[in-house]
Amino acid sequence: MSVKRSSVRGPGSGYGYSITHNSTAPTYRAASTYGGAGGQGTRISSVSYSGVRSGMGGMGVGMGGSGGSMSSSIQVSTSGDTAHIMGNEKFAMQNLNDRLASYLEMVRNLEQANGKLELKIREAMEKRGPDVNDYSRYNAILDDLRKKVFDATTDNARMCLQIDNARLAADDFRVKFESELSIRQSVEADIVGLRKVIDDTNMGRMNLESEIEALKEELIFLKKNHDNEVMEMRNMISQSGVQVDVDAPKGQDLAAIMAEVRAKYEKEALKNQEELKAWHETRITEVQSVVSQNTEALQGAHTEINDLRRQLQTLEIELDSQKSLKGSLEGTLRDTEMRYNMEMESLNKILVGLESELTNLRSNIQQQTQEYEHLLNIKMKLEAEIATYRRLLDGGDFKLQDALEDQRTVKTKVMTVTQTLVDGKVVSSSTETKERNL
């Protein structure tokens, strides 16, 4: 009859115990213990004790990672012959001593390998751990990008300000143009009125000139009529030969009377002529003064019209230049917005790339943390197997309870630290702790 229990394995490594009982003699067997880290493995062969006859199997220890292997075996059998038993025990003790020396050497090698492995794990954690991540190489790129964004924003604001200033200047020029246009229209209306006044003045002047001509003709006619009357009077006097002697006082001389009448009429005609001439000159002076005033006003109006026309042309030129400036500024604004959008897209792509890289770094950190936990688990299991092997070599009894007690629970605490970096500074940090049994 035999009872066998075996195969209790953990993740990444395996170890098992089996106990076999025979009906004739009790036999205790410690089964093989497997443990490995990477390509390394440790195997402890079974050892059996019998009440009458004992046999101790071979024990072998091998390391695949170090490229070396050792193996030794012991076969001890007892019989009724005590001397034969003592000789076998002596030989077995020598073999055990040799195997113990080999085992201790293997333990030292394993400890050195564990030390190297821990050093590599520590270096990997220092290089790629969350607290040692160095993102300073991105600070220059981010500063340059921030500077470009700030410059683009400043240029955009400057362009908007220039456009607003140009729009305000265009509005001012439009108001000024409208006011100048109203002034021009009022001046043109005044010019039309002045032209009417000039036409009326010309008509009055022509009427006065016609009146003067009529008066001159009337004066000539009066002079001619007067001369004719004088000639007729003289002829009548010369032709009349009648001489009347009157016994009366001597009257006035007719020639003297005629001379007096002639002088009187000539004086009145001269007076009328002078008055007419003075009145004509006065009217002409008044008309000339009015005409000169109207001419000066007309010349001033023409000058003002020319000035207004020049100002209008200047304003139209400035308006065209402002329109062209506005068009160029709008084109520059569109180009700036397009360039700004392109830069923002490139920055977003860079940001997405950095975020993906950060995600990859975090996943690598998590993966290495899991690998570290796995290696730590393997190390602890190796230490447990070494302790069990030492206890077996020291001659301690091996029981099923001891094998089961070796299967102690190992709890692993995983601490995840999440940090948010802005401008190379930590703005938020969160810690998540998880415990699990190994």
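Cβ atoms are placed via backbone N, Cα and C, with glycine included.
Copied over from Swiss-Prot, here are the features:
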type	residues	note
REGION	1-21	region 'Disordered'
REGION	2-88	region 'Head'
REGION	89-124	region 'Coil 1A'
DOMAIN	89-400	domain 'IF rod'
REGION	125-141	region 'Linker 1'
REGION	142-233	region 'Coil 1B'
REGION	234-257	region 'Linker 12'
REGION	258-395	region 'Coil 2'
SITE	W279	site 'Stutter'
SITE	Y340	site 'Stutter'
REGION	396-438	region 'Tail'
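W279 (site 'Stutter') sits 88 Å from Y340 (site 'Stutter'), counting Cα to Cα. The DSSP secondary structure for W279 (site 'Stutter') is helix. Helix, strand and coil content of the region 'Coil 1B' (142-233), in residues and according to DSSP, is 92 helix, 0 strand, 0 coil. Per-class residue totals from DSSP over the region 'Coil 1A' (89-124), listed helix then strand then coil: 36 helix, 0 strand, 0 coil.
As a summary of secondary structure, the region 'Coil 2' (258-395) carries 136 helix, 0 strand, 2 coil according to DSSP. When Cβ neighbours within 10 Å are tallied across all protein chains shown, the highest count among the recorded sites W279, Y340 belongs to Y340. Confidence in the region 'Coil 1B' (142-233), given as mean pLDDT, stands at 87.
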